[in-house]
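Trainee: Reproduced below are the annotations present in TrEMBL:
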TRANSMEM  12-34  transmembrane segment
TRANSMEM  54-72  transmembrane segment
TRANSMEM  78-108  transmembrane segment
TRANSMEM  129-150  transmembrane segment
TRANSMEM  162-182  transmembrane segment
TRANSMEM  189-209  transmembrane segment
TRANSMEM  240-259  transmembrane segment
TRANSMEM  340-363  transmembrane segment
TRANSMEM  383-406  transmembrane segment
TRANSMEM  412-433  transmembrane segment
TRANSMEM  440-463  transmembrane segment
TRANSMEM  517-539  transmembrane segment
C-alpha cells in the first residue's frame with residue numbers, strides 16, 4: 001500500500017472524462033427537446049407520451065436505484081460488515097414480484113400520471129394531498145443529500161472541487177430534465193448505467209490484477225470473516241440477518257418500487273402493460289449485476305487493506321471515502337481511470353436527481369395545479385411542467401447547501417425516508433387489497449403508522465444501536481508503518497462517542513430503538529394496514545360500494561402473459577366510465593430518488609454518524 005505521499009491526485013485527463021460524461025448527458029436532453037416533435041403536451045413531457053419500450057425503462061429503473069450512495073456506500077458496507085448484504089438479491093426478487101403483480105396492474109389500467117391521483121379516486125382528495133405533500137418533502141430532502149454526500153466524500157479524497165461538482169451536476173440535471181422531459185431522463189439513465197458499470201468493472205479488474213487473481217480475494221475474505229452469508233438469527237434487533245434483510249428489505253423497497261412516484265412514473269410510461277411488467281423483470285437483472293459488482297469491490301478493498309485499514313489509520317475520515325481512496329491508490333498510473341470512477345459515482349447522482357426532479361414536477365402539476373386550475377390549455381400545462389422542473393432543480397441545489405450545514409442530521413433525514421415510505425405503502429396496500437377500507441380508516445391508519453415509525457426512527461438516532469446489534473467485523477492496522485501507537489482494532493464502538501454511558505440508556509433504547517433500520521418501513525406499513533382495517537370496519541366500511549377497477553382483481557394478478565395484445569386493449573376500453581381520453585397511454589414522471597434510499601439507510605443505523 002502506498003504511503004499517502006504517493007497517493008494519486010486528479011489529473012487533467014480525469015477532469016476531461018468527467019466533463020465528457022456531463023456533456024453527453026446534456027446533449028441527450030437537447031436531442032429530446034427538439035427531435036421527435038419536442039414536448040408539445042404535459043403528457044409528452046411527464047410521461048414520454050406513454051410510448052416507451054421495456055428495455056430503456058428497465059435500465060432507467062436500475063439507474064435510479066444506483067445513486068452515488070450505492071457506488072460509494074455499498075462496498076464500504078461490505079468491507080465493514082461482510083457479504084451478508086448479498087442476501088438483498090432475494091429481496092429484490094420479491095420486491096419486483098410484488099410491484100409487478102400487485103401495484104402495477106392497478107396503476108396501469110387507471111392511466112394515471114401521479115400515483116397520488118389513485119388516493120383521491122379510491123378515498124378522497126384530502127388523502128391525495130397528504131400523500132403529495134409527504135412525497136415532496138421526502139424527495140427534496142433526499143435529493144439534497146444525494147447531491148452533497150458523494151461530492152463531499154470525493155472532494156476529501158481526490159481534491160475534486162466540492163461546490164463546482166455540486167453546482168455542475170445540479171445545473172446539468174436541471175437542464176436536461178427541463179428541456180427533454182421524461183424521455184431525456186430515461187435515455188440519460190441508460191447512458192449513465194453504462195458509465196456506472198464501466199467504473200465498477202475497471203476497479204474490479206485492476207484489483208484482481210493487483211491481487212494476482214480472484215482466488216486470493218475470496219480466500220482473504222473467507223479468513224477475515226467477510227463471507228458471512230447465512231445468519232438466521234430471528235432477533236428483530238440485529239441490524240442485518242437473513243430475516244431483517246428479506247422481510248424488512250422487501251417492505252422498504254416495495255415502498256420505493258411499488259408506490260413511489262419516481263419509479264411508478266417510469267413503468268407506466270411503457271406502451272403496454274406487458275412492456276411495463278417486462279421492464280420490472282429486466283431491471284431485476286440489472287439490480288443483481290450492480291449488487292454483485294458492489295460486493296466484489298467491497299471484498300477487494302478488504303483483501304488489499306486487510307493488514308492496514310485506512311479508516312482506523314486515519315487515512316480517510318469516513319467509510320464512504322474507501323472506494324475513492326482505493327481507486328487513487330491502485331489506479332495512480334492510469335490517467336483518466338480515476339476520472340471514470342468519479343464519473344460513475346456522479347452518474348448515480350445525476351440519474352437519481354433527474355428522476356426526482358421529473359417526479360416532483362409531475363406530482364406538482366397533476367396534484368396541486370391541474371385540480372385547481374381546470375381551464376389551463378395543454379400548451380400552458382407543458383410550459384408549467386418545464387417551469388416546475390426548473391424550479392425543483394433549483395430547490396435541490398439549495399437543499400445540497402442545507403445538507404452541507406446540517407452534517408450530522410443527514411442520517412435523520414435519510415431515516416425519514418423509511419419512516420415516510422412505510423406508512424404510504426400501507427395506505428396504497430389498504431386501497432388496492434381491502435375493498436372495505438374507507439377514507440376515515442385510511443387516514444387514521446396513515447397517521448398512526450407515521451407516528452410509530454417516527455418514534456422508533458428518531459429514537460434510534462438519539463440512541464444508536466450498540467455494536468453487538470450491528471456486528472462490525474474486525475479491522476487490522478498491524479501492517480501499517482505509522483507510529484501513532486495502539487491503533488490495533490476499531491472495536492471502540494462509535495456509540496460511546498455519541499451517547500451517554502450505558503447506565504443512562506433508557507430501557508427503550510436497547511429493546512425498541514435498536515430495531516433493525518430495515519424494519520422501520522415494515523412497522524409503518526403493518527400499523528397503517530391494521531389500524532386502517534379496524535377503523536374502517538368500525539366506521540361502516542363494509543357498507544360502501546368500491547368500484548372494482550380501484551382494486552387488485554384476480555384477473556389482474558399474474559395476468560401479464562395474456563398472449564394477445566388485443567385482449568389487454570379491450571380490457572382498458574371496458575373501463576371507460578373513467579373520464580380520460582387516452583387511458584393506457586400516458587406515464588407519470590419518474591423519480592430515481594426513492595430507490596436510493598435503502599442504501600443510504602444502511603448507513604444510518606450503522607456507522608456513519
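Cβ coordinates are placed from backbone N, Cα and C, and glycine is handled just like the others.
Curation does not apply to TrEMBL; its annotations are automatic.
Since we're looking at a predicted model, the values are computed, not measured.
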Trainee: Which one, 12-34, 129-150, 162-182, 383-406, 440-463, has the most C-beta pairs under 8 Å toward the transmembrane segment (517-539)?
Mentor: 440-463
Trainee: By Cβ distance under 8 Å, which residues at least 6 away from the ends of the transmembrane segment (240-259) in the same chain are close to it?
Mentor: 61, 81, 84-85, 87-88, 90-92, 94-96, 98-99, 102-104, 115, 230-234, 280, 418, 421-422, 424-425, 428, 471, 516, 518-522, 525, 594-595, 597-598, 601
Trainee: If we skip the immediate neighbours and take only residues 6+ beyond the ends of the transmembrane segment (129-150), which ones have a Cβ under 8 Å from one of its Cβ atoms?
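Mentor: For the transmembrane segment (129-150), the list is 67-69, 71-72, 114-116, 119, 166, 169-170, 260-262, 320, 345-346, 348-349, 352-353, 356-357, 359-360, 363-364, 367-368, 392, 395-404, 410, 413-414, 416-417, 420-421, 424, 427, 443, 446, 591, 593-594, 596-597, 600.
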Trainee: Given pairs 6 or more apart, does the transmembrane segment (54-72) have at least three Cβ pairs under 8 Å with the transmembrane segment (189-209)?
Mentor: yes
Trainee: For the transmembrane segment (383-406), name the stretch out of 12-34, 78-108, 162-182, 340-363 with the most CB-CB pairs under 8 Å.
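Mentor: Out of the listed stretches, 162-182 contacts the transmembrane segment (383-406) most.
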Trainee: How about long-range neighbours of the transmembrane segment (12-34): same chain, 6 or more residues beyond its ends, C-beta under 8 Å?
Mentor: 158, 168-169, 172-173, 175-181, 183-184, 187-188, 191-192, 195, 335-336, 338-340, 342-343, 346-347, 350
Trainee: Cβ under 8 Å to the transmembrane segment (189-209), counting only same-chain residues 6 or more beyond its ends: which ones?
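Mentor: Residues 21, 24-25, 28, 56, 59-60, 62-64, 66, 71, 217, 286, 289-290, 293-294, 296-297, 300, 303-304, 323, 326-327, 330-331, 334, 337, 340-341, 343-345, 347-348, 350-351, 354-355, 592.
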